[in-house]
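These come from Swiss-Prot:
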{"type": "ACT_SITE", "residues": "Lys33", "note": "active site, proton acceptor"}
{"type": "ACT_SITE", "residues": "Tyr254", "note": "active site, proton acceptor"}
{"type": "BINDING", "residues": "Arg129, Met302", "note": "substrate binding site"}
{"type": "MOD_RES", "residues": "Lys33", "note": "N6-(pyridoxal phosphate)lysine"}
Amino acid sequence: MRPAHAVIDLDALRHNYRFARRLGGGKALAVVKADAYGHGAVRCAQALEAEVDGFAVACIEEALELRQAGIQAPILLLEGFFEAEELELIAKHNLWTVIASSWQVRALAAFHSPSPIGVWLKLDSGMHRLGLEPKEFRDAWMSLHRLPQVGEIVLMTHLARADELDNPRTNEQASVFAQASQGMVAPASVCNSSGLLGWAGLYSDWGRPGLMLYGVNPIPQESTSLSGPLRPVMMVYSRLIAVHELPAGEPVGYGACFVTERPTRVGVVAMGYADGYPYFAVNGTPLLVDGRVCPLIGRVSMDMLTVDLTDHPQADVGSQVQLWGVQPGVAELAAHCNLSAYQLLCGLKRVRRYYLGEMGAV
């Protein structure tokens, strides 16, 4: 069996959720969209359900996957509904929905729900993606308040630059949100992972931790000391499947983008860009071979990559290779490849997942 696999530490996931909730000081929605950022949404939700305040997903398909797996906790649709017909499923499966536009308010007003639907009313405070404009926000809130088919309303917005601690945009967005929601008696949700980790002065009744749940700080590490308590959740491993001894002056891999400058031991690892390892990883990107840092050499191919073992003579066929996890961390590897940690985690494919404390793989 091909040795490439990921180990998901569910204890670390629970630890990170508790830390996020403590930081926020209120409740916290565990964001498990995009298959829990590549970690497996169902298994992650099952691990958190006993203590979670709720989950957040992108769309109704992701929510239904959790419901079909037996998850009973509240689930919020972060993108809301795309068609009015989806309200039937939202009501049937007891989902919460974001309302981010006036047509959604009208659709909900025309829908006769058998039970009240929880609504998160979203303000566009300056990200200019989803959300009602400030001038529409109060009228939408008042309209929803009058509807018997609407349950609790949470007021929310999304921060665009909270990962930049010296940028004034976060405070500007918070001010827009405070002004637009002034006098509205309702819980508020402002902070995503960056907001929770970097902006202690911003209070949310509901936090929305996403990337930090999986042990990754979205803020550059030198900018905050709060990443320390986070524990990595995903460790990606493979093994050496071949070792070659090359003289100086030999090209390695497609395009000869690496040429040996000395006699070199080259290890071949069963992991490539089809598995989710970054195609654009540069020479020198660190990997851990039997616990020792070794540099990537040559271009990453579809199914394999190559590593310099010259200074690690004990490494041989069968040696374990950690692609990311504790060392290198997800953020470190992403920086080497000019990617975001989000891309790296969500792009993991064709790799078996094992869950610590559980049997079997997905």
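From the backbone N, Cα and C atoms, a Cβ is placed for every residue, glycine too.
Other Cβ atoms within 10 Å of the Cβ of Tyr254 (active site, proton acceptor), summed over all protein chains shown, number 11. Rounded to a whole number, the distance between the Cα atoms of Lys33 (active site, proton acceptor) and Arg129 (substrate binding site) is 18 Å. For the pair formed by Tyr254 (active site, proton acceptor) and Met302 (substrate binding site), distance between Cα atoms is given as 11 Å, rounded to the nearest Å. Between the CA atoms of Met302 (substrate binding site) and Lys33 (active site, proton acceptor) there is a gap of 27 Å, rounded to the nearest whole number. Most Cβ neighbours within 10 Å among the recorded positions Lys33, Arg129: this distinction goes to Lys33.
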